[in-house]
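As recorded in TrEMBL:
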- 71-105: repeat 'PPR' (REPEAT)
- 106-144: repeat 'PPR' (REPEAT)
- 145-179: repeat 'PPR' (REPEAT)
- 180-214: repeat 'PPR' (REPEAT)
- 215-249: repeat 'PPR' (REPEAT)
- 250-284: repeat 'PPR' (REPEAT)
- 285-319: repeat 'PPR' (REPEAT)
- 320-354: repeat 'PPR' (REPEAT)
- 355-389: repeat 'PPR' (REPEAT)
- 390-424: repeat 'PPR' (REPEAT)
- 425-459: repeat 'PPR' (REPEAT)
- 460-494: repeat 'PPR' (REPEAT)
Amino acid sequence: MSMPVRGKGKTDHRFDNVDHSLSLFNKMIEKYPKPSIVEFNKLLGAIVKMKHYAIVVSKYRQIELLGVSHGVYSMNILTNCFCQLGRIDFGFSVLGKMLNLGVEPDVVTFSTLINGLCNQSMISEAVCIAVRFLRLMESRGYEPDIVAYNTILDCLCKNGLLKEALDFFSEVKVKGIRPDISTYNCLIHGMCNLGQQEEATRLLSEMVDNNISLDIVTYNTLVDALCKEGTISKAVETVDTMIKRGIEPNVVTYGALVNGHCLQKETDKARRVFNLMIEKGCAPCIVTYNTMINGYCKCKRLDEAMELFHEISRKGPIPDTVTYSTLMQSMFQLGKVSTACELFRKMLASGQVPNIVTCLILLDGLCKTGHIKEALKLFQAMQNSGLELDIVPYTILIDGFCNAGHIEVAKELFHQLSNNGLKPNVYTYCVMISRLCKEGLPDEAYRLFGSMGDNDCLPNSCCYNVMIRGFLLNSYTSKATQLLTEMVGKGFSADIFTATLFMELIIYSKKSILL
């Protein structure tokens, strides 16, 4: 980027980091006379691109103290920084200051504030305010461009408010404002997210009729949606149409097709697409590799998944936590415990830091394969690592101790949950109730079942069925029948296992247990 500095002519100051930018800023403020706001804007605009919004805010305050006058462009940058920092209130304060100083806001000012509103967490309220603000712009004689309207449309679509988005879209067209490619991409993405692929296809035709050239984003959105829906043939047709119109598939296009085939367990077809993209000179990213590896793992083709993993190590992108987690999960499912643990060690050696998902896969795998001592060591390491542990790892470990026959340790861990600021969830209760019943302790299990409400955790269908089966297995027929009646009254029904136990009891007792 070129930055002219007064006193040295138009010297080419290039910088690609914030420290260099700040050094240049300090040199500029030492000069006399001071550089114009235009020159400061160029520098601080570059810092905005680096996303150091708070720094830009502080530097603009410094510029003000130097007596350098602001213009609409500089105040728009400041407004954008406040919006990016989530301080839309300060953004509106800048608008007020502009009006007090006699600086005329422009379309960018209003569009920036609308975007800030739409990025607020309370979406419905924010959109309503943004729309009212848009109306205010129109009443004051400002003509919002399509970017302002697209901001609101995008917000509505991303939050599943498609009907409202389509109503707003109709209003835009009535005003005579010509929708652009971004307008249609927002709507098509919103439709695809809600499974309305046919409506999205209709919009594609409308785009063609309005002489709006479809771009790669448009096609990729539709291809991805069709693949996830399972209509891969239509996705392939869309790609063919795209190529005929002179748009070459990119890594996102191929990735969507690979994923589509993998979802249908068509791993051979997925691999052919994967190989085709390489032949076409489109290098797969780590997401595409992970998709293909996951496809192989889901079909229990671990050897081929590992071949692909080794290929990444040789010539592909760096494997990430998803790569390692996917492979480890598959290894545990196939009983390859030592191989999974070795891969985990390799992951650590490569410099990849395991996230909570990776740790949970490893913990669950160790527990389910009976390696409870190793699981406990891992759990303790997770506690000491600073990872924020919720109820899930505790439930996995409790289940592991239960399955290993260590019911007393499981009970102790369960009762320690409150000391760690945690409450058991439905699955935690199910695990404990099931094991207590299997240990011949149905009364204790039922007391635990009855205490669920104390932790704001009401029994669901699973819990009722587990408790009823526990009663039946311990010959508490009357209590099982009473609880069955209660369960049905709550709107739940017996699952196949509970129903089978009741049927066997009726057959073998030669009388109805309901009499």
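Cβ from N, Cα, C; glycine included.
Nobody curates TrEMBL annotations by hand; they come from automatic prediction.
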Which sequence-distant residues neighbour the repeat 'PPR' (285-319)? Criterion: at least 6 residues beyond either end, Cβ under 8 Å.
251, 254-255, 258-259, 261-262, 265, 267, 270-271, 274, 277, 326-327, 329-331, 333-334, 336, 347, 350, 352
Let me spell it out: take the repeat 'PPR' (320-354), skip the flanking residues so only those 6+ beyond its ends count, and list any with a Cβ under 8 Å from a Cβ in it.
286, 289-290, 293-294, 297, 300, 302, 305-306, 309, 312, 361-362, 364-366, 368-369, 371, 374
Which residues of the chain, 6 or more past the ends of the repeat 'PPR' (250-284), have a CB below 8 A from one of its CBs?
216, 219-220, 223-224, 226-228, 230, 232, 235-236, 239, 242, 291-292, 294-296, 298-299, 301, 304, 316-317
Which residues, given as numbers and ranges, are at least 6 beyond the ends of the repeat 'PPR' (355-389) yet have a Cβ under 8 Å from it?
321, 324-325, 328-329, 331-332, 335, 337, 340-341, 344, 347, 396-397, 399-401, 403-404, 406, 420
Averaged over the repeat 'PPR' (285-319), what pLDDT does the predicted model reach?
94
Report the DSSP secondary-structure composition of the repeat 'PPR' (460-494) as helix, strand and coil residue counts.
26 helix, 0 strand, 9 coil
